[in-house]
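Notes follow once the structure below has been shown.
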Amino acid sequence: MALPSPASEEAEGPCQEANQEYQEPVCSPVPEPEPEPEPEPEPDPEPVPVPPPEPQPEPEPQPLPDPAPLPELGFEAEPVQEPEPTPTVETRGTARGFQPPEGGFGWIVVFAATWCNGSIFGIHNSVGILYSMLLEEEKEKNRQVEFQAAWVGALAMGMIFFCSPIVSIFTDRLGCRITATTGAAVAFIGLHTSSFTSSLSLRYFTYGILFGCGCSFAFQPSLVILGHYFQRRLGLANGVVSAGSSIFSMSFPFLIKMLGDKIKLAQTFQVLSTFMFVLTLLSLTYRPLLPSSQDTPSKRGAHTLRQRFLVQFRKYFNMRVFRQRTYRIWAFGIAAAALGYFVPYVHLMKYVEDKFKEIKETWVLLVCIGATSGLGRLVSGHISDSIPGLKKIYLQVLSFLLLGLMSMMIPLCRDFGGLIVVCLFLGLCDGFFITIMAPIAFELVGPMQASQAIGYLLGMMALPMIAGPPIAGLLRNCFGDYHVAFYFAGVPPIIGAVILFFVPLMHQRMFKKEQRDSSKDKMLSHDPDPNGELLPGSPTPEEPI
């Protein structure tokens, strides 16, 4: 409104001159034709410049286009909105946009996984028969060979657990098919070469190391690949694999005993190696539907080979799970129990042959262990689902207590029927202990770190599991019988059960302490009022004065 005022003053000047010139001719009518000053009102068009000041206020609204770039700044946020990376992530292995076929070719994969589990653990659970055959060969060279011969089967079983963290890395990097096929081929080579040597030290390497490591690399991918083909029916697929492998492995004690009676140990190794050869072919069916994970995000952030190595090392060897005190105690308790866990599998057959010489069907005991172990795996899964939180550990406590007591009961059995009852409980405890291991790991460290927690746990179990059978064999050499050896085998599981008993109590105590600390933090986390603290009893801060 103030801007047009200078223009109005400029307009008044010419108007006054025009009025003065016009008043003079009013007295004389002659100058009427002098309208020529009227053209001078043409300066009136000069008011036409008056609008130019009006555009001057218009430039002020023109800053309004300047805010218009602000949406452009907001528009630059669209790169965050880029959904292009998400399709690449979904196609690269995350299960978000992936729907398994829930059958079809997946049932062939289930059969391959069943063959894998059944053949591997059928041979390892029948190691007691192989141990007796090995002693018969070595007795001619050395009368006190129980300690040395026990290392063969113990090494093979221990390597399955010892290689677990490494196998998970290879499975993630190379995929299930390559890892499983390579592992089955190594297991075949280990078993087949064991038939060409009679040296105990060489069989430490061929059977204990090669066969054991190959079984570890072939076994874990058989469990991972099921998630590529099943999601809604994954429980059914796992149940078929567990039940099928249990039935499959129950036939191995009878088969190995029959082969041992008709042919020698070397030819028995050759026959068993054919199962690994078939497993090598079946592992080729592990066609991954979810590609193996790649490290492109890591490569973007790591420019040197050393940085990439550190990124991968921290990714695969994450030691944060050991910061959980309850996990450390739980892992230590299970590792302690593993010292006596594998002793009955190795020495039971030889003990029965020495004590019950009239019994020829000693392999029935291993069949009983395999049958109830499969039953325990099926039943314990349903029972653990109904038990909330870390109270599942009490199932492991009970299974370890029974396992220790049953191991101590073996020398006290006076007849073969009592041994059958003991073996039935041994297999049941084995099934309960193994099945609920993963759910407990999820409760302790969460789903993001559960796989690493299980891998570290299996690795910790390897050393005591390897050492247990040789120590029992050494005790047999020292005392002349297996009584002390089986008493020794029962002590570590009982100690492990006592340790595990305190894990839920400690976890609950730590949880309550965290709740108290968090409640204190919430009480102290209110923003202070400008005038000071809250008035006692007032729900709101004191208003500023």
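From the backbone N, Cα and C atoms, a Cβ is placed for every residue, glycine too.
Looking up Thr86, Thr540 in Swiss-Prot, the residue bearing an annotation of phosphothreonine is Thr540. Topology check against Swiss-Prot: Arg320 and Cys478 fall in different compartments relative to the membrane. A Cβ distance under 8 Å defines the sequence-distant neighbours of the topological domain 'Cytoplasmic' (384-392), meaning residues of its chain 6+ beyond its ends; these are 326, 435-436, 439-440, 443-444, 503-504, 507-508. Taking Cβ pairs closer than 8 Å, the topological domain 'Cytoplasmic' (228-235) reaches residues 95, 99-106, 109-110, 176, 288-290 in its own chain, all 6 or more past its ends. Mean pLDDT across the topological domain 'Cytoplasmic' (2-102) comes to 46 in this model.
Here the topological domain 'Cytoplasmic' (437-453) has Cβ contacts under 8 Å with residues 165, 168, 318, 320-321, 324, 326-327, 330-331, 334, 384, 389-390, 392-393, 396, 507 of the same chain, all six or more residues outside its ends.
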